[in-house]
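J.: The structure is given below, and queries will be raised subsequently.
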Amino acid sequence: MSRRYQLIDFGNGRKLESLAGRLIDRPCPAADNASPRDPSKWSDAESHFDLTTRTWRHRTPWPDDLHVEVQQAPRQRHDADAAEEPEDQLLLRMPVQPTPFGHIGIFPEQTDNWRWLMQTAPADDLPGRANQRQALNLFAYTGASTITMARSGLKVAHVDAAKPNVEAAKRVAAANNLDDAPIRYLVDDAAAFVQREIRRGNRYHTIVLDPPAYGHGPKSKRAPRSPGKRPARQAQAWRIQRDLPELLENCFELISGRSFRILATGHSAEMDQSDVLKSMQRILSRSRLGRLQPQFETGRMSLPDPSGRKLDAGFYVRCWKEEST
Ligand SMILES: C[S@@+](CC[C@H](N)C(=O)[O-])C[C@H]1O[C@@H](n2cnc3c(N)ncnc32)[C@H](O)[C@@H]1O
């Protein structure tokens, strides 16, 4: 049986997806202005998420070991009907589980970005773990990009403000036999972590960031207050429009060497790829990295359905400078 993810249909503000054969029906604002192509299929859904009550309804129990596999290359027409996926082509094995937020443990619209991270990984010319190149994954959640970068030979710092999300990423690493890979898991505020890394002098070859429109830093443990002392400040809430330009500027400061990659993605209606591209170009125009004349690629992430329609799922901006030979 195929273990792939497939968008089956979308419309009326919802999407119907197959997770290795299990059909699920979830809300999707990007599908608000579309009509379902195949209304009869929706009655086969085994799990539904209701946004108002924030609850899942399952017709059959969710299988314990359900997972989706992502291949290194898109399927060719001639092997699209093959029942088995070739094991040597496997990029990611993602355990999928329903969460109280209506997430499922994979953001499949990122598939082309994971493939890009793998295909453009720096050549392994620095033997030994101590010399391994560093990658930073901010707002890292499921860790799919973390796993991809670790698999390509990079040492990864994985940062997310939500402890349960970081714990989930560790389980994803285990499902990919990467429990012992050089990955540092950090429950932290992305912007604050980047500022500290600049001060500490740590530098990275690759930085991936997938910020939400709104978000919060980690919940701080309430320390006992001594009389007359003010409580410790919570990290400021994250707002993409307000905070992304400064975070990008700081990310470029964290880049070292003459080859690098930055991948920024987002799902917010408040910003798109042209805003992020302009922001990056402005930063580079006054930075040493600008003189390296990096390349850019920008566009929309999307999910195709079997009829060829595309469901929009946000923007991507890739900025990179290849190793010169
Ligand atoms: C859109 S998801 C990222 C999904 C990720 N690209 C993946 O494939 O799993 C956004 C993540 O940002 C985290 N987050 C929100 N605000 C944050 C902050 N201020 N600092 C760090 N992480 C934050 C959330 O906990 C969530 O896991």
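Note: Cβ is positioned from N, Cα and C throughout, glycine not excepted.
Annotations per TrEMBL:
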- 218-232: compositional bias 'Basic residues' (COMPBIAS)
- 27-46: region 'Disordered' (REGION)
- 209-235: region 'Disordered' (REGION)
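Buried or exposed, and what's around them? Tell me for each listed feature.
T.: Same-chain residues lying 6+ beyond the ends of the region 'Disordered' (27-46) with a Cβ under 8 Å from its Cβ atoms: 8-16, 58-60, 102, 305, 307, 309, 311-313.
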J.: In the region 'Disordered' (27-46), how many residues does DSSP assign to helix, to strand and to coil?
T.: 9 helix, 1 strand, 10 coil
